[in-house]
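Peer 1: When I checked Swiss-Prot for this same protein, it listed these features:
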- N57: N-linked glycosylation site (CARBOHYD)
- N109: N-linked glycosylation site (CARBOHYD)
- N200: N-linked glycosylation site (CARBOHYD)
- N204: N-linked glycosylation site (CARBOHYD)
- N228: N-linked glycosylation site (CARBOHYD)
- N534: N-linked glycosylation site (CARBOHYD)
- 149-186: region 'Disordered' (REGION)
- 1-32: signal peptide (SIGNAL)
- 263-283: transmembrane segment (TRANSMEM)
- 292-312: transmembrane segment (TRANSMEM)
- 336-356: transmembrane segment (TRANSMEM)
- 367-387: transmembrane segment (TRANSMEM)
- 401-421: transmembrane segment (TRANSMEM)
- 449-469: transmembrane segment (TRANSMEM)
- 473-493: transmembrane segment (TRANSMEM)
Amino acid sequence: MAVSERRGLGRGSPAEWGQRLLLVLLLGGCSGRIHQLALTGEKRADIQLNSFGFYTNGSLEVELSVLRLGLREAEEKSLLVGFSLSRVRSGRVRSYSTRDFQDCPLQKNSSSFLVLFLINTKDLQVQVRKYGEQKTLFIFPGLLPEAPSKPGLPKPQATVPRKVDGGGTSAASKPKSTPAVIQGPSGKDKDLVLGLSHLNNSYNFSFHVVIGSQAEEGQYSLNFHNCNNSVPGKEHPFDITVMIREKNPDGFLSAAEMPLFKLYMVMSACFLAAGIFWVSILCRNTYSVFKIHWLMAALAFTKSISLLFHSINYYFINSQGHPIEGLAVMYYIAHLLKGALLFITIALIGSGWAFIKYVLSDKEKKVFGIVIPMQVLANVAYIIIESREEGASDYVLWKEILFLVDLICCGAILFPVVWSIRHLQDASGTDGKVAVNLAKLKLFRHYYVMVICYVYFTRIIAILLQVAVPFQWQWLYQLLVEGSTLAFFVLTGYKFQPTGNNPYLQLPQEDEEDVQMEQVMTDSGFREGLSKVNKTASGRELL
């Protein structure tokens, strides 16, 4: 069973579930770009530890503090375990879930960019093998010295020199890594050997990588492999604890995440301005305002607050490596409310609630009974994903749950719009109000197209963009999502603004006799020079 320091939900009573969800929210603030992953009883052959976009002079530090293989000493000496560091394409992380069980990544001779860290438990050393063009990718033993906490204090010296002969270790105390360099025929460093410590039936070592030039910049994926667990049914559980610290010259954020602080701050201001403008419209047209209009205002302000907290979180992650706990909790709460309000508002507008009717049908109530719990589940999945490490055993499961639930919600909110369109189509041919119903029908058809475009741009086009652009431009994915959301909000407000000439306010209130009398009076010229009075859905007259 794999466990992480950032736990999710488990079994228990509803009260315990609530407590654990709150615990997840609180611990979510601890996640950042300094990662600590602890797995016990793990049986996976390949563990995707993390991915990160590095610029020149960026650094990756890895400290394997615990590795217990759970086998006899003779069996451990023949194991094939280690790390791999590869440069992957933008928008994706290498997956080993479908590979052949006889194909071990640690035994590959690759012409592409790849670094292998082969753990040799027999000789107590870690052999580093490089493949591809890596002229300025520097690998050193130990961790980088920490910066002084106060100005004027001297920096602590590294406890391990970068190149030292020897590789033996002592089991009496925790020894330092002692690397050795083997020279190749050309005189260049071909294989770097790091010292491996063995203490209390556990192995440990550390290293750090520095990106030396622009040629080595890119999206890197760090993975752990235990090739002896590749054969199904013959897995042996092992324990591993690893610390990963990633940093770019300007902070702890990945290359694609650096612009997000400013992006989310600007978008938060845009949604705030849109919300204030919308409230001003409602205050000027109080006679035509429905409850759904105030719900739309609440959604705009909630979205703005959510983006504000998200922006602040990224600022502290970039400067400290982790966000502030209180702000992280506030962000998760705002995000949960925003997600629920968004789909509820879209579904209510699509059903025509308060616009063309005051009571939801049984079918529409069932849709809300599906969308609301699904949105709660989607937000719980999002919080768990944000608060757990990529290497956690259930990380991929929660990502799949989030994708599936979000897809179901996007499909479900279209049904009320379709039903409203059909209702107006049927009504236009039966109640004699063809002109009014056709105007409403056109309005809801436009809204249907808007919802389709919103889902298409934020779910499909955004993913394609993320795959297509280089690693440093991955933030365009968030720009497209937030920009599409803002455009959808503005267009929805424009289409359903509380003005007297809006089609949804022109609800027919007259019966058939009134229509006939109106026709007679018009034909006779009796009403010449008089203006027509329409009644709104609220029963109030608009001149």
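Sequential numbering from 1, following the chain as shown.
Yeah, the Cβs are placed from backbone N, Cα and C, and that goes for glycine too.
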Peer 1: Within this structure, do the transmembrane segment (367-387) and the transmembrane segment (473-493) have 3 or more Cβ pairs under 8 angstroms, counting pairs 6 or more apart in sequence?
Peer 2: no
Peer 1: I need to check the long-range neighbours of the transmembrane segment (401-421): which residues 6 or more away from its ends have a CB within less than 8 Å of a CB in the stretch?
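Peer 2: Those are 343, 346-348, 350-352, 356, 361, 363-364, 367, 370-371, 374-375, 377-378, 381-382, 385, 441, 444-445, 447-448, 451-452, 455, 459, in sequence order.
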Peer 1: Does anything in the same chain, at least 6 positions from N228 (N-linked glycosylation site), have a Cβ under 8 Å from its Cβ, and if so what?
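Peer 2: Sequence-distant Cβ neighbours: A45, L79, L80, V81, H236.
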Peer 1: Which sequence positions outside the transmembrane segment (336-356), separated from its termini by at least 6 residues, show Cβ-Cβ distances below 8 Å to it?
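Peer 2: Counting only partners 6 or more residues beyond its ends, the transmembrane segment (336-356) has Cβ contacts under 8 Å with 290-292, 295-296, 298-299, 302-303, 306, 364, 367-368, 371-372, 375-376, 378-379, 382-383, 409, 412-414, 416-417, 419-420, 423-424, 440, 444, 447-448, 451, 492, 496, 504, 507, 537.
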Peer 1: Counting other CB atoms within 10 A of each CB, which of the glycosylation sites N57, N200, N204 comes out lowest?
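Peer 2: The glycosylation sites N57, N200, N204 were compared, and N200 has the fewest Cβ atoms within 10 Å.
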Peer 1: In Å, rounded, how far does the Cα of N57 (N-linked glycosylation site) sit from the Cα of N200 (N-linked glycosylation site)?
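Peer 2: If we compare the Cα positions of N57 (N-linked glycosylation site) and N200 (N-linked glycosylation site), the gap is 36 Å.
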Peer 1: When you scan the chain for residues with a C-beta under 8 Å from the transmembrane segment (263-283), skipping those not six or more beyond its ends, what do you find?
Peer 2: 289, 293-294, 296-297, 300-301, 303-305, 307-308, 310-311, 314, 475, 478-479, 482-483, 486, 489-490, 493, 497-498
Peer 1: Does DSSP give N228 (N-linked glycosylation site) helix, strand or coil?
Peer 2: helix
Peer 1: Please report the DSSP secondary structure of N200 (N-linked glycosylation site), reduced to three states.
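Peer 2: In the DSSP reduction, N200 (N-linked glycosylation site) maps to coil.
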